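Visitor: If you scroll down you'll find the structure; I have some questions about it.
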Amino acid sequence: MKTSKKLIYSLILAVVVLALLFFLEANKAKYGMAYTVLTKGIILAVVAVSMNLVTGFTGLFSLGQAGFMAIGAYVTAIFLIPLNSIEEVYYISGVSPAILTFKAWLESTPIWFQAMLPYIALIAGGLVAALFAALIGIPVLRLKSDYLAIATLGFSEIMRAIISSPQMDTITNGSYGLKKIQGFSSLIQVFLIAAICITFMIFLIRSTYGRAFKAIREDEIAAEAMGINLFKHKSLSFIIGSFFAAVSGGMLAMFMRSIDAKTFTVALTYDILLIVVVGGIGSITGSILSSLLVTASKEWWLRFFDSPLYIGSFQVPLFKTGFRMVIFSVVLLLIVLFYQRGLMGRNEFTWEGLARAFNKLKSKSSNKGGSKIA
Amino acid sequence: MPKNILRLEDITMQFGGVVAIDNLSLEVNENEIVSLIGPNGAGKTTAFNVITGVYAPTNGAVYFKDQLIVSNFPKGPMKKIYAGQNNGKYTTTIKKTPDQITKLNVARTFQNIRLFKDLTAFENVLIAKHMRSKANWFSATLCLNHKEEQKMREEALELLDILGLIDVKDEIASSLPYGQQRHLEIARALATEPELLLLDEPAAGMNPQETHELTAFIHDIRSKFNLTVFMIEHHMDLVMEISDRIYVLDFGKLIASGVPEEIQNNQHVIDAYLGVPEDDEE
């Protein structure tokens, strides 16, 4: 396929997506579910891609994602709670004076700075998480495979425990969580931030450093013999992965408008791991696709199974709250059975790939019809 | 007087009480092809691992171009169980990691091929170019180093072309035939721009025809890339044909060294390979 043709297809796709976003933005009330699912899906796509960078491309099985997301979410939230409602948010144990001074200083900054505040807040959250990643990376990245997973899982739980501890009440509001966080201005903004993050990670993976990451995944001993400093590159991948996990956590805080430590349990890490595995470990487009699909089916498409179903006057058994998750599990089982390496494996989406799949489908259906044309 | 490029001095490698290498000293001169041979378990690969920084030796020193790159002496619990000689001769500890040693222009291949299996042949070679890249991760991500990247790609392609792998550059490494995987591993090692190339059994698993071709191949790359080759090999035809000098190890001890003719007629070597006849058999 020609490059120009591919470019045209990509442009058409981008225009279609943009049009869809503008349409949803204009009809927010009518398509509330699609709006919510797309927002949450693309936010999870950022963290899924970041996990894929660490797990799928560098081969570090890290389960600390929820912990880094929590850091990002809390930092972003503290940046974005308006000064006049801060007393109200911290009404139980009061606000730490440091935060009050900081908020007062933010209020005094120039107007353009305040307009950029959501972006600055997200980056700040990311940087704090990156700092934590660099520190815990020093001992933890010496571990391999399952042991690394256990250590990072432990870190994530420690983070959550610290955030919800009474000692942190004046900063994180303990177990009450933070609310009244400034949200996104539009769906376009969410997609813009997500697109920047994901594009950055794609470019990183395609750079010479990305190739070094893949080398470490394939064979550590050989990678080292090729002059690749294992610790440096593993830390780099881990820190960048944590940065984007935290950005995604910050986006989640902006999306939900209120957060508490319970949001960031191990279950969240498993949700992300699920997305990565379903999409294909080592495929970025797979992660994006699967985060949209998984979020949509969990929150939207399978809702049908949660409400009681009547055929005539007969109530079909099993159709009640929670049945959706049973169906979801069955779907997952089927995916794992038939697509052992995830929906995309290690492949990325390409127009050629789509054309091939389409042709295969066409020839299959024409063969079925028995109308074989030589 | 030939200048030595690699010099091992009194290397002893002990794993607990097991002495894998016992007081090994050897020299490899510039532009030579030197072989290290010996029966299975003689400590040949261990010697390679000491040179490339995978293991720190228990005692002894390694010099590369007269620069001390590895040095150690028995300490801690090893002090008590140390069975080698020259205790107390070395007093410094220098432990470079394998990647640092590769950066000094020492490249190696592995006994059981260690390619990046799921990547293409081209990517395999390109990865070896990474350590010479001057760009940091941020500028590399933003494609600010595209000139350097372009150069890396061209050099990798050139290397694949020279080694006759250009036709399979987009094939996944693990899908290549065995002989080509061996060639690719050498290509990858050459991409690190070495002065000294360590080959660990390059002919393992090859048939006589392929082994014969390998002789010409090694000669070829030596002159093209101005290399010194130090290799471990079991195929005696290949070793005798190609080597300028040979070192023979048996149970970690150096039992002979010299030009191929000397080694062929050395009684110790024959005994090590064929076994000593037992006197009381009659």
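From the backbone N, Cα and C atoms, a Cβ is placed for every residue, glycine too.
The transmembrane segment annotation in TrEMBL covers A:7-26, A:32-54, A:66-83, A:118-141, A:184-205, A:236-256, A:268-294, A:314-339.
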Visitor: By a Cβ-Cβ criterion of under 8 Å, what residues six or more beyond either terminus of the transmembrane segment (A:268-294) are in contact with it?
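Guide: For the transmembrane segment (A:268-294), the sequence-distant neighbours (Cβ-Cβ under 8 Å, at least 6 residues beyond its ends) are 37-38, 41-42, 44-45, 47-49, 51-52, 55-57, 63-66, 69, 153, 156, 198, 201-202, 205, 332, 335-336, 339, 341-349.
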Visitor: Do any residues of this chain, six or more beyond the ends of the transmembrane segment (A:7-26), have a C-beta under 8 angstroms from a C-beta of it, and if so which?
Guide: 34-35, 38, 186-188, 191, 351
Visitor: Given a Cβ distance threshold of under 8 angstroms, which distant residues of the chain, six or more beyond its ends, lie next to the transmembrane segment (A:66-83)?
Guide: 47, 89, 99, 102-104, 106-107, 117-118, 120-122, 124-126, 128-129, 132-133, 152, 155-160, 163, 171-172, 178-182, 242, 245-254, 259, 261, 263-266, 268-269, 272
Visitor: Among the recorded stretches A:32-54, A:184-205, A:236-256, which has the greatest number of Cβ pairs closer than 8 Å to the transmembrane segment (A:118-141)?
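Guide: Stretch with the highest Cβ contact count: A:236-256.
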